[in-house]
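Right, one structure below, let's go through it.
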Amino acid sequence: MAALLLRHVGRHCLRAHFSPQLCIRNAVPLGTTAKEEMERFWNKNIGSNRPLSPHITIYSWSLPMAMSICHRGTGIALSAGVSLFGMSALLLPGNFESYLELVKSLCLGPALIHTAKFALVFPLMYHTWNGIRHLMWDLGKGLKIPQLYQSGVVVLVLTVLSSMGLAAM
């Protein structure tokens, strides 16, 4: 808004042969400010008892929606995990072998180790397979609603199978 006003004033000054008194004398004051508009909007909504729009309770959860949220969550978690691992490798004393020996000395059962490995690899596999799904969308493939659900199920099955395979190693 201010840029438009400055452009108008500048053009008017150029037309008036750089006469500053004509520019100031013919300037049009603004009707309302953004703050006044915002206050009027919120007062109107509060007065009519409207909920915030769109209200979160009107959405029904669907597979593509849940998978999109989980894809973002796994991306954040993997990013944080890699950063935490890198910082701990730099700051903690000792080397990787000493920490591996520490874990081996705890005598954890194979079921617990397999479960922990599965829990570590599952977000990576989910983010990888769902990322490939997103790349297919970038190519314009699989964008129809039935295909969204089919590819979602394929991603979940591939995630579980590849996670189990990697955890078994």
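Glycine too: its Cβ is placed from the backbone N, Cα and C atoms.
Topology note: A34 and S98 are separated by the membrane (different topological domain names in Swiss-Prot). For the topological domain 'Mitochondrial matrix' (140-146), the DSSP-based tally of helix, strand and coil residues reads 2 helix, 0 strand, 5 coil. Long-range Cβ contacts of the transmembrane segment (111-139) within its own chain (Cβ-Cβ under 8 Å, at least 6 residues beyond either end) map to 67, 70-71, 74-75, 77-78, 151-152, 155, 158-160, 162-164, 166-168.
Residues 63-64, 67, 114, 117-118, 121-122, 125-126, 129-130, 133, 136 of the same chain, all 6+ positions outside the transmembrane segment (147-167), place their C-beta atoms under 8 angstroms from a C-beta of that stretch. Counting only same-chain residues 6+ beyond the ends of the topological domain 'Mitochondrial matrix' (140-146), those with a CB under 8 A from a CB of the stretch are 133.
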